[in-house]
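Novice: Mind having a look at this structure? Questions to follow.
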Amino acid sequence: MIVQRIINISRLGNNVYKLSLICSSRYNNNYNSTTVSRPHHDLVFNRLYRVQIGCQYHTKTKSDCHIQTSLINGIKIIDCAISLTQFRHYSSSQKTEKIDENAPKNQRPKAQTTIDEEEVNKFASQSSLWWDEGGEFEALHSLNELRVPLIRDALVSKKSLAQYNIASPLEGFWILDVGSGGGILSEPLARLGASVIGIEASEENIKIAQAHLIHDPKIRDRVKYIQSTVEDIAETQAGKFDAVVASEVLEHVSEPQTFVSSACKLVRPGGSIFFTTLNKTRLSYALGIVAAENILRLVAPGTHDWNKFVSPTDLQKLLDDNKFITKLIHGMWYNPISKRWSWSKDTSINYAIHAVKPIVEGNADIWKEQSPLTV
Amino acid sequence: MALRALRKLKFTTRYSQSILNAEVSKNSLKCFAAYSTQEGDYADIVISGGGMVGAAMACALANNNLLKDKRIILLEMDRDKGDFVLSEKYSNRTCALSPATARLLSGFGAWQEIQSLRYHPVLRMQVWESCADAMITFNNDDMTEALAYIVENDIILAGIMKALKSFKDRVEVRYQAKATSYSNIDSQSVSSTKLPYVEMTLNDGSKLRTKLLIGADGMNSNVRKTAGFHTINRDYGQTAVVAILELGDTTQNNTAWQRFLPTGPIALLPISSNLSSLIWTTTTENSKHLLDIPSESFVDAVNDALWHEREKNQIAGQALSVFRNLLQNVFPESQEQCRQLPPTAINVVEKTRASFPLTLIHSSQYVKPRVVLIGDAGHRLHPLAGQGVNLGFGDVECLNEILTKAVQNGADLGSLTHLLEFETQRQRHNVPVMATIDGLQRLYSTDFTPLVLIRALGLHAVHSLPVLKKFIISRASV
């Protein structure tokens, strides 16, 4: 989506503005003749501002018109000639460019709205790998029954009752899904109202995730997948996210220390970080590798390397080093017969950890004044 | 040039359409805008079949606050019947609604509508047989709470449809609409894993895509057949004869009567102070005969079936009296209620005699990715205990709960992970009920002495032991 023209801006409250925009889309012809109207969307278009836009996008031509006026109703618009999804995620156009510079030159813009139909079809056939619920990633699908409520309940507790919308409890939260894969966790979080950015190292996985996402009109504008790593975006996006989730990722990371500190950097003061991973115990070797990979074939052999596993105490230590406060550590058990997960006191195989970044003097954050959602 | 003009025209019509929608309601604007993307219409949930169970499903979902931003479409083959006019005459198709069903229906206002029309409570139930003296009665303490409510089918449907109309901004009911073909519905095909929705073509040629297709299209379910669900069928070789009977000498007509005959059970369900609904399961030849004979002979045949003693088994009778004395000595506190005599039919209401064949259909699975079967589409059973429709309403309640949980977890509505939980819960409940009813049906369809003996003693044991009986009542009313 490209912003063509801003029709009107009205001020709703302290640093909250309502923008009415006309946008054009880069979709193929199918999309060109449709009218999409979207009354409420959160946009972060400057770190200082959280902007609500009410926009009507409709396309007449395929050409992208750049906006001429930059001053409407006395409010200066920094740059509107960038795609909406990028516009939403980065503080300014300069930063957007910065990220693009790091990326390979021949690569397409990464916003999911710019994927073309051909690629959707190509990757849709591969998406069965990730999205077949009885397939290879069955355990990840059913893990949603534990991790989604964990994230939901931890974040929702920060909202006041008046702000709580039962149908989309995570509305207004920005979540970074580290290692988003095929989007198994990103999509449910977006369905709960959160704006999700999934980062993933594999380009193929990103395309699979996008090809699947595009069929869900309700959430496809709230999720964006970026080919990147935590370390890469830690600098530019520091302190941007209400929550950072690294689910079933840590056990694949070679340098957990850097990984954890980068992930921590991305969390805004007052925000949360979540990990789910495998413990480094004899039992986790016996069950997590020998049984799950070689005997029961729950996951492909060679998926996990026991030496990379991190114990909860080590992880908590890493979080302490980054001045995070650990809120809970829960064990998780997988029943291979019922194929369901359940919470447990025993953290010796799988466990989940939730920690928060305290708000302290010095980092007294801008969100505190600007965002209506900050505690 | 021409092409561009055409495109422009297309654009303007679409645009004005959306403006039109915007005026109708803010809500629908949101929906329309978000879904009118590419090929055809989109709904989060499509319910195929607006019968009692399908319409109740629509009401339950519409009444669910968590689903308030979901678009729900109900496809009904029939036309919109408009406001229901209560006829003086009673219909011969009735259901025995359990208290659990009444609770479910009152949750979204349908039970209140039914109460304002016509219903009749059953306070007591008596079951006995023609080959032995054993009998069993059921009633709640003090005979105040109803065991079941007898309601005519068209009144149940009218009550639910009226409740549904009060949710009209939440559920879109499409009358005279049905899907003529489905795609992505069979999990065997490659495309179903490729595209995360079910697509169907409707009889008006339009296309509709959905995340979750609920098949509530009855015993001959098209959804079940197209999706390739494996089913178990049994033709009982029996036919049910229904009629409305006028009873003599009843003061309070609030007992449901059921007598097992070797040819099948005959049941009288009270629908007013002097009328009862007859459901007589019998052989197909006999049913033809019963429909042909004059009213007087039909009434005589009914009374004969309720009262005759010619099939009494001597051995079973003696064994039973021994067993009765024994029980009386071992459990002195056990109940021995006096037997109530069954009523006598004095007349059959004109033009209420009808018949339908009986079959058992059970689908081995209730769910597939993005498809779920509820009600008769998944399981149809013998009308012997009046459980059929209650199982369907139980499906509605359970599916509503499961979908609530799915939404709370942000799950895709059509995802198999939670649909399988629905299947597990419902099969755990439905299969024993179906097996019991099927077993009872077989047990009572013989006059072979050892079996007569076993069932007579068993029935009497249950009747005399309050604990066992309470358990059965509580199971039957869930």
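From the backbone N, Cα and C atoms, a Cβ is placed for every residue, glycine too.
Sharing the record's features from TrEMBL:
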- A:Arg147, A:Gly179, A:Ser247: S-adenosyl-L-methionine binding site (BINDING)
- A:176-275: domain 'Methyltransferase type 11' (DOMAIN)
- A:Glu248, A:Glu251, A:His252: Mg(2+) binding site (BINDING)
Novice: Quick one: pull the CA-CA distance for A:His252 (Mg(2+) binding site) versus A:Gly179 (S-adenosyl-L-methionine binding site), whole Å only.
Specialist: 10
Novice: Within 8 Å of the centroid of the Cβ atoms of A:Glu248, A:Glu251, A:His252, which other residues of that chain place their own Cβ, given that this set defines the recorded Mg(2+) site?
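Specialist: Neighbours found: A:Gly179, A:Val249, A:Leu250, A:Val253, A:Thr277, A:Leu278, A:His304, A:Lys308.
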Novice: Based on DSSP, tally up the residues of the domain 'Methyltransferase type 11' (A:176-275) by helix, strand and coil.
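Specialist: The composition, in the requested order, is 36 helix, 30 strand, 34 coil.
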Novice: Can you list the residues of the same chain, besides A:Arg147, A:Gly179, A:Ser247, whose Cβ falls within 8 Å of the S-adenosyl-L-methionine site's Cβ centroid?
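Specialist: For the S-adenosyl-L-methionine site, the extra neighbours are A:Leu143, A:Asp177, A:Val178, A:Leu185, A:Val245, A:Ala246, A:Glu248, A:Val249, A:Phe274, A:Thr276.
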Novice: Provide, as an integer number of angstrom, the distance between the C-alpha atoms of A:Gly179 (S-adenosyl-L-methionine binding site) and A:Glu251 (Mg(2+) binding site).
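Specialist: Cα of A:Gly179 (S-adenosyl-L-methionine binding site) to Cα of A:Glu251 (Mg(2+) binding site) measures 12 Å after rounding.
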Novice: Validating a neighbour-count step here. Other CB atoms within 10 A of the CB of A:Gly179 (S-adenosyl-L-methionine binding site): how many?
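Specialist: Here the count is 21.
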Novice: Can you give me the average pLDDT across the domain 'Methyltransferase type 11' (A:176-275), rounded to a whole number?
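Specialist: Per the prediction, mean pLDDT sits at 90 for the domain 'Methyltransferase type 11' (A:176-275).
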Novice: Name the residues of the same chain, 6+ apart in sequence, whose Cβ is under 8 Å from the Cβ of A:Glu251 (Mg(2+) binding site)?
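Specialist: Same-chain residues close to A:Glu251 (Mg(2+) binding site) (Cβ under 8 Å, separated by 6 or more) are A:Thr277, A:Leu278, A:His304, A:Asp305, A:Lys308, A:Phe309, A:Val310.
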Novice: If you count other Cβ atoms within 10 Å of each one's Cβ, which of the binding-site residues A:Arg147, A:His252 has the most?
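Specialist: Counting every other Cβ within 10 Å of each candidate, the maximum falls on A:Arg147.
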Novice: To see if you understand the setup: which same-chain residues, six or more apart in sequence, place their Cβ under 8 Å from that of A:Glu248 (Mg(2+) binding site)?
Specialist: A:Leu140, A:Leu143, A:Gly179, A:Thr276, A:Thr277
Novice: Using Cβ-Cβ distances, find the residues under 8 Å from A:Ser247 (S-adenosyl-L-methionine binding site) that belong to the same chain and are at least 6 apart in sequence, listing them in sequence order.
Specialist: A:Leu143, A:Arg147, A:Asp177, A:Val178, A:Gly179, A:Leu185, A:Phe274, A:Phe275, A:Thr276
